Amino acid sequence: MAGGGGGGPGPGKVKAGSRPPWVGLAAAVWVQVAAGSAYVFPLYSDAIKDALGYNQKALTMLGVGNDVGENVGLVPGLLANRLPPWLILAIGSACAFFGFGTLWLAVTKTVAMPYWVLWIALCIGTNSSAWLGTAALVTNMRNFPLSRGTVAGLIKGYVAVSAAVYTETFNGMLGNSATNLLLLLALGIPTACIVVMYFVRPCTPSLDEDNSTEHSHFMYTQISSVVLGVYLMVATILGDTLNLSEAVAYLLFGIMILLLLAPLAIPIKMTLYPNKQTKEKPSTLVPSYSTDSLSGADPENSEPLLGSATATVATGTNESDDSTDLDVLLAEGEGAVNLKKKRGPRRGDDFTFLEALVKADFWLLFIVYFCGVGTGVTVLNNLAQVGMSVGANDTTILLCLFGFCNFVGRILGGSVSEYFVRSRMLPRPFWMLCTQIIMVVTFLLFATGLHSLIYVSTTLLGICYGVQFAVMIPTVSELFGLKDFGLMYNFMLLVNPLGAFFFSALLAGYIYDKEAARQHPGVLEPSNCYGPDCFRVTFYVCAIVCCCGTLVSVLFIARIKPVYHMLYASGSFRHPRSQQQLH
């Protein structure tokens, strides 16, 4: 049967459970660290503001461009099923080179450019994140289809920790030079992608759910990522508070590189100590490389990123589905109905993007995600100004703290939701509900404007922001499949620029400049604002939006709870009926 597991791997495919998927995951670490360029906007935003004489509203509009570029990934999402990962990475590298290269020319005043050119250049530069992230995430989600939460948390976690990687490099190796940082982004991102692009490729996924070795490999990768995050946090604080020598700075940078290489230990170990088992355990969940595989298409000749393990998942949500499906098949065999016209995808099947767009659950998830991440990105874009307004002038520590907590939230969101969905069949969006309740309290803490609370508030917001990302990704794949996952995932990311535009540019930038003008009467365009009134109204609005997100989350969870009971009834991403349908 097409899509079955009995045949050997074809061209471009490798044996399930072998080294290449883990090599690809290790390579994706470097891709994702490079893809975090949008998170370092606060490191060079003040340099743009000072060098080119922009006010806060103009700067926040650049922040919108930063988010638009990072999150408008519909084109790479659409091409994820048509182009190989290495080509997607190459396009992302070109975006970084031309976008950040143009910004470097402007900030160094090598070439005078109008504001709109810089806005477009920033969009192009940060759009490299969408191309790089799509290639790494889609490929690895399909290479590890039964560990979606864990893989999503790891992949997006390294994007979050990239802010600390760039910050450590900025402080230790670049001498706090914004121009050097822009040059690094223009040249370093393409270099990193060229080095690893061969290894980020689709492989036949291992579908052995009970493989203890695979669990230990994921555990090792998670622990090494947490060690990296803690190290970067400590190293950044030490470098910011102590006058470290050049030798010590190079030593700290070298240790960081070694920790980034830690995931390579898994494929190295698999090479030196290969599995002694000669007979491979038959898989109970057969991968299907496209929705056409059940009608005779050859999966081995399909496009590289078309692999999906969700086509074999049960297509119903109640006990009557088996008899209904049998009736439809009998009627189709007698010529009474056309099966293709009669049956449409149900939650858990592989949806096309257009099929998902007409589903209420798709838009409920979009709204919940918008309320959480759309408000969180407002603080991230204005973090430097939020800190200075309450007297925390060292915004580097704030950025590092947010980045580390964002990373922790993604790792926890992926692994914790994975545990509870398997053991309790608890819908993953439950954790989005919990974090949005915490975000309401966090925004109220920000609104107090107390210097003593700024670090606590940043910590809480960073964790909640990260959980939203880590939970949304596997939720999309579970409800709507992996066929058009790249496109649906990138559509969800549109909430970032939407939130940045409404809450950051229109609201925060306007109120900040208005308060700055009140504090500095007679000054034509004051650049700085101090005190809690600079952002208080913005934080109140964000708290109200998260309250609305909490209410929508309750409705969404109630709707999809039966779906998760069906998908994880056997303790893993499958249903007993799926095995019956395969035989």
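Here, residue 1 is simply the first one shown, and the rest follow in order.
The backbone N, Cα and C atoms fix where each Cβ goes, glycine too.
TrEMBL: automatically predicted annotations, no manual curation.
As written in TrEMBL, here are the features:
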DOMAIN    21-268  domain 'Nodulin-like'
TRANSMEM  22-44  transmembrane segment
TRANSMEM  86-107  transmembrane segment
TRANSMEM  113-138  transmembrane segment
TRANSMEM  150-167  transmembrane segment
TRANSMEM  179-200  transmembrane segment
TRANSMEM  220-238  transmembrane segment
TRANSMEM  250-272  transmembrane segment
REGION    279-304  region 'Disordered'
COMPBIAS  285-294  compositional bias 'Polar residues'
DOMAIN    357-563  domain 'NFD4 C-terminal'
TRANSMEM  362-384  transmembrane segment
TRANSMEM  396-417  transmembrane segment
TRANSMEM  429-447  transmembrane segment
TRANSMEM  453-475  transmembrane segment
TRANSMEM  487-512  transmembrane segment
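Outside the transmembrane segment (453-475) by six or more residues, the chain places 137, 141, 148-149, 152-153, 156-157, 160, 365, 369, 372-373, 376-377, 379-380, 383, 386-387, 390, 392, 398, 401-414, 417-418, 427-429, 431-432, 435-436, 438-439, 441-443, 445-446, 489, 492 with a CB less than 8 A from a CB of the stretch. Distant neighbours of the transmembrane segment (396-417): 39-40, 42-43, 149-154, 156-164, 167, 170-171, 222, 225-226, 229-230, 232-233, 236-237, 240, 379-380, 383-384, 386-387, 426, 428, 430-431, 435, 454-455, 458-471, 474; these residues of the same chain sit at least 6 beyond its ends, with a Cβ under 8 Å from one of its Cβ atoms. The average pLDDT computed over the domain 'NFD4 C-terminal' (357-563) stands at 90.
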